[in-house]
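Below is one structure, written out as structure tokens; the observations come after it.
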């Protein structure tokens, strides 16, 4: 999906209280940002933010962080969140602009309990496969940041990406907890959905889901 350029997006991000301008300052000390020692869950590729916001509202004993590479996409998510709730009301959530390849600058070893990869760009061309967020290059980074028994959760509507992801996880010696080839038709209720997922389900699209541990 092509993202429309928004002039001044970088400066506009700073206007929102959920925006973390320099997340690297909290490496190994995210308790200073959240003011507690609760576990951290990270969504890589935030989109519009519905999934993470819903989780944060329900699970107040977990700290949720959302990473988005596109400043424009992040700005839209921040605007939407700002209309819904204040950080005082939802103090267990924060969003930041970063490249997932540089996550080691933001988190230390074992800092994250769970990583969510929801409807990531499939990068269908073979020459672009290293850009996929489930490529081995990214999985090696995630592994270093996940806590003992830490999890990766993947959801996608793209079968080719799902099968690629399973193979990459296997090659990196992750352990499969759950592999579902038709999430919403297997009688499994999943109340936490992204905006894309809601549209796909209404359109009758198949949703694939995987949970794997280190």
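Residue positions begin at 1 at the first shown residue.
Keep in mind that glycine also has a Cβ here, set from the backbone N, Cα and C atoms.
The annotation active site is assigned in Swiss-Prot to 121. Annotation source Swiss-Prot lists S-adenosyl-L-methionine binding site at 43, 68, 99, 121, citing sequence analysis. Among the features that Swiss-Prot reports, substrate binding site is placed at 125, 157, 194, 195, 196, 197.
Location within the structure of each feature annotated in Swiss-Prot.
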residue: 43; record: S-adenosyl-L-methionine binding site; DSSP (3 states): strand
residue: 68; record: S-adenosyl-L-methionine binding site; DSSP (3 states): strand
residue: 99; record: S-adenosyl-L-methionine binding site; DSSP (3 states): coil
residue: 121; record: active site; DSSP (3 states): coil
residue: 157; record: substrate binding site; DSSP (3 states): coil
residue: 194; record: substrate binding site; DSSP (3 states): coil
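Within the same chain, residues at least six positions away from residue 195 (substrate binding site) with a Cβ under 8 Å of its Cβ are 47, 48, 50. For residue 68 (S-adenosyl-L-methionine binding site), other Cβ atoms within 10 Å of its Cβ number 24. Separating the Cα atoms of residue 125 (substrate binding site) and residue 99 (S-adenosyl-L-methionine binding site) is a whole-number distance of 21 Å. The two recorded residues, residue 99 (S-adenosyl-L-methionine binding site) and residue 121 (active site), have Cα atoms 14 Å apart. Take the Cα of residue 194 (substrate binding site) and measure to each of the recorded positions 43, 68, 121: the nearest one is 43. Note: the Cα of residue 197 (substrate binding site) and the Cα of residue 43 (S-adenosyl-L-methionine binding site) are spaced 15 Å from each other.
The two recorded residues, residue 121 (active site) and residue 43 (S-adenosyl-L-methionine binding site), show a Cα separation of 14 Å. Just so you know, of the recorded positions 43, 121, 157, 197, the Cβ with the fewest other Cβ atoms around it within 10 Å is the one at 121.
Here the Cβ of residue 196 (substrate binding site) has 20 other Cβ atoms within 10 Å, regardless of which shown protein chain they belong to.
A simple Cβ count within 10 Å picks out one of the binding-site residues 99, 194 as the most packed, and that one is 194. All protein chains shown were included, and the count of other CB atoms within 10 Å of the CB of residue 125 (substrate binding site) stands at 8.
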